[in-house]
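Okay, structure first, notes after.
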Amino acid sequence: MRIVLLGAPGSGKGTQATNLVEKYGITHLSTGDMLRAEVSAGTALGVEAKKIMDAGQLVSDDIVLGMIKNNIESIEGGFLLDGFPRNLNQAEALDELLAQIGEPIDKVIFFDVPFDIIKERLMSRGRSDDTEETIEKRRKVYESETAPLINYYTKQGKLVTVEGVGEVNEISQRIFKALS
Ligand code: AP5
């Protein structure tokens, strides 16, 4: 199974990814986690990426596409993309890459969560990009860059909307049902 998790920052993509990879035995690919690993390792890329992430902006397409390409081609048994693609250019590049290897996306799960709930979740988490100012910036970037992917994947007939409010396991059950 090849799945994309789509949703605003804080909508629960990473949380649900844990339950999905366990249930389906697929590989979790999170561009945010990959970038944070670079930050923790103190690489040149990590130093540069941290500034961009803390400002709530998107890291360049070339960097994230490179990270995805390096990982995706060697995966066997399916994957779950979390935080990628994040704009139309990334989505088109992903489709092209997957067409080349004959493994298109099966489904895109869109997490529908009101912003006031998202803000509450992120303010109580406390990651370095979870300040009030950066949360608002990330929301704006999401709305202008990422939200158009809802329409992109609807047109492909792949989008499934899941209400992302409630208990974590209850939301997981909704996703399992949507994928069955
Ligand atoms: P990324 O790591 O992808 O973060 P994000 O999209 O901002 O999303 P979050 O991790 O904040 O939220 P989430 O939807 O995964 O929710 P989570 O499960 O954590 O990206 C970070 C940055 O990296 C970007 O801003 C950008 O700079 C860069 N980047 C990454 N990918 C990129 C790309 N493709 N292109 C360019 N730049 C890129 O949940 C959030 C909180 O809510 C947690 O505390 C969780 O415990 C809690 N929670 C979750 N579900 C529930 C629930 N049901 N009830 C109560 N609390 C809940």
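Even glycines carry a Cβ here, placed using N, Cα and C.
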Same ATP site per TrEMBL - residue from Arg2, Arg125 joining Gly10, Ser11, Gly12, Lys13, Gly14, Thr15, Gly166: Arg125
30-59, 90-119 - the one TrEMBL records as region 'NMP': 30-59
Distance, Arg86 (AMP binding site) to Ser11 (ATP binding site) (CA atoms, angstrom): 14
The region 'NMP' (30-59), counted residue by residue under DSSP: helix, strand, coil: 22 helix, 1 strand, 7 coil
Nearest recorded site to Thr15 (ATP binding site) by CA-CA distance, among binding-site residues Gln57, Arg86, Arg127: Arg127
